[in-house]
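Data block below; observations after.
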Amino acid sequence: MGCGRMKINRFHVLLFITWQLTIYFAVQQLFSIFSNYTPKWRCSNDTEYAKNCTLLKECPKELLQFDHMPFYSTVLEFDMLCGTRAYIASLISTFQFCGVLLGTIVFGQLADKYGRRPIALITLTFGVFFTMLSGASPNWQILMALRILVGTCIGGAIVSLYTYVVEIIPPQQRVFLRAFFNWGYSRVMLTIVCWMIPHWRWASYATVSFVVPLIPIIYFLLPESPTWLMSKERFTEMEQSEQKISKYANSPTMFEAQNSQEKKVLKPQRQYTIRDLFANRLIAKRTLILWLIWFTAALCSYVNDLNSRNLAGDFFANQLLMGSMTGMCQAIIYLLDTYIPGFSRRMLYQASQSLVIGCFATMTLLMIFVDAPIVILVIDLVGTVLISYTWDACFLCAAEGFPTEVRAMGIGTCASISRIGALLAPQVAFLGTLWQPIPFLTVFLLGTISLSFSIIFLPETKGTDLKKCSEILTTNVKSSKVHPVADTSGQQKMDC
């Protein structure tokens, strides 16, 4: 498991830091957990605090008392506590996710055309600028417009930098990357900043300020992706990029394997389109089942995250627990994948999804029939970790399940479908203010549907020989099963 075994060098460490800071910028998608925080209120000292909109409407302003407010939110400043204005708060989150979807699509194509590095620089620079501007918004309309732009930059930064990182690090480091540099730790960082600066305006400035160092890192230290330069037949620049990376890495032979094999001849290939994801029954079934599990993971995770502000217990303690548990428990997947050969992708997804269903079914029943807020909180913490495991399965199955010719496109469509799920999450979370079990019930029902289809259609991809996946596009196959074949090392690989 050590660095020597995976040959981690100094440049890889720089990439890991770059990716963690990128995720930290992306976790702005969860800033609405804090900016939409709604405290309870009362109208006299002899009544309990509650979220009673009738009472809020009838109570004289001078008598209105709010419960302890761990964070001063946009909901309080722009009077979005009840009625139509309460729905506006969820709309701001929804439109921000619209921006992420737009950025993923538009900037993903621009990164393929103009390079990973310039798009990353543009999206991060403007993302920091728009996030800081959003903290100065005089009203909710301008706030919504700026958060849409922030979301667009988030989508562009994720797609360009994730592609950049995975094009350079070796395949055996990809699970390591997700295990130790992940969303959970970024959520912890966001929570700590908002706890230290409990005002939405100042927190907007402070949270994004940690992203600023990433801009000079990319500009001065990260050259363009050699893989992208090779695809554009810019061989002189490619060699310069490799030399710069090798110098930083202190590893002169870092690109030796590619030099001896991949760069001798660059064969022209035809242009593939989204229609090729449906070239035959096998690739079509793979595409659709992957779309379903990505949609499910996104909707369930964001619904659960946005609903977390309504759970019992200390607001900030809950957020810290969710982030830290998610981050640390990712290491378990790395250990299982490394040391247990029989731990398959299907097992990872279906076991995790089954437990998610059990957790959220239990929480739904408890919320309807039993007043047990602490028990619900504990189960929700476990469910949060399990949902993160389904995300791991989504990324691995997509990376290993699509043929090489359409892999980037396939993963891109999966990401876009997941953004649609994210778009719906704020609306589902808002419905939870009308009937509390709705978010939990939604995760249970959608998770059950996804699990059922995955049992039938999700192929096993662990150990897939990616070089043989191209035949999926051209062979008229009748089964989605993969077949083990022996490679020269004596290990089993999966023939697509």
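Placed from the backbone N, Cα and C atoms, the Cβ positions cover glycine too.
TrEMBL entries are annotated by machine, without manual review.
For the domain 'Major facilitator superfamily (MFS) profile' (21-462), the mean pLDDT of the prediction comes to 89. The domain 'Major facilitator superfamily (MFS) profile' feature in TrEMBL is assigned to 21-462.
Counting only same-chain residues 6+ beyond the ends of the transmembrane segment (12-31), those with a CB under 8 A from a CB of the stretch are 96-97, 100, 124, 127-128, 131, 150-151, 154, 157-158, 161-162, 165, 168-169, 173, 177, 180-183, 185-187, 189-190, 203-204, 207-208, 210-211, 213-214, 217-218, 221-222, 248-249, 302, 305-306, 422. Residues or ranges marked as transmembrane segment by TrEMBL: 12-31 (among others).
The transmembrane segment feature in TrEMBL is assigned to 86-107 (among others).
Positions annotated as transmembrane segment by TrEMBL: 119-136 (among others).
TrEMBL lists 142-164 (among others) with the feature transmembrane segment. Within the chain carrying the transmembrane segment (142-164), a Cβ under 8 angstroms from the stretch's Cβ atoms is held by residues 18-19, 22, 25-26, 28-29, 74, 78, 91-93, 95-108, 110-111, 116-117, 119-120, 122-124, 126-127, 130-131, 133-134, 222, 225, 408, 412, 415, 419, all 6 or more beyond its ends.
Per TrEMBL, the feature transmembrane segment maps to 176-198 (among others).
Listed as Cβ neighbours of the transmembrane segment (204-222) (distance under 8 Å, sequence separation of 6 or more from its ends, same chain) are residues 14, 17-18, 21-22, 24-25, 28, 31, 117, 120-121, 124-125, 127-128, 131-132, 134-135, 164, 189-190, 193-194, 196-197, 248. Feature annotation from TrEMBL assigns transmembrane segment to 204-222 (among others).
Outside the transmembrane segment (288-304), and at least 6 residues removed from its termini, the chain residues within Cβ reach (under 8 Å) are 29, 97, 349, 353, 356, 380, 383-384, 387-388, 390-391, 393-394, 397-398, 401-402, 410, 413-415, 417-422, 424-426, 428-429, 439, 442-443, 446-447, 449-450, 453-454, 457-458. The annotation transmembrane segment is assigned in TrEMBL to 288-304 (among others).
Listed as Cβ neighbours of the transmembrane segment (316-336) (distance under 8 Å, sequence separation of 6 or more from its ends, same chain) are residues 1, 33, 70, 175-176, 178-180, 182-188, 190-192, 194-195, 305, 308, 343, 348, 377, 381, 384-385, 388-389, 392. TrEMBL lists 316-336 (among others) with the feature transmembrane segment.
The transmembrane segment annotation in TrEMBL covers 348-368 (among others).
Here TrEMBL flags 438-458 (among others) as transmembrane segment.
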*Short question: which residues 6 or more past the ends of the transmembrane segment (348-368) have a Cβ under 8 Å from it?*
293, 296, 300, 333, 336, 375-376, 379-380, 382-383, 386-387, 389-390, 392-394, 396-397, 436-437, 440-441, 443-444, 447-448, 450-451, 454-455, 458
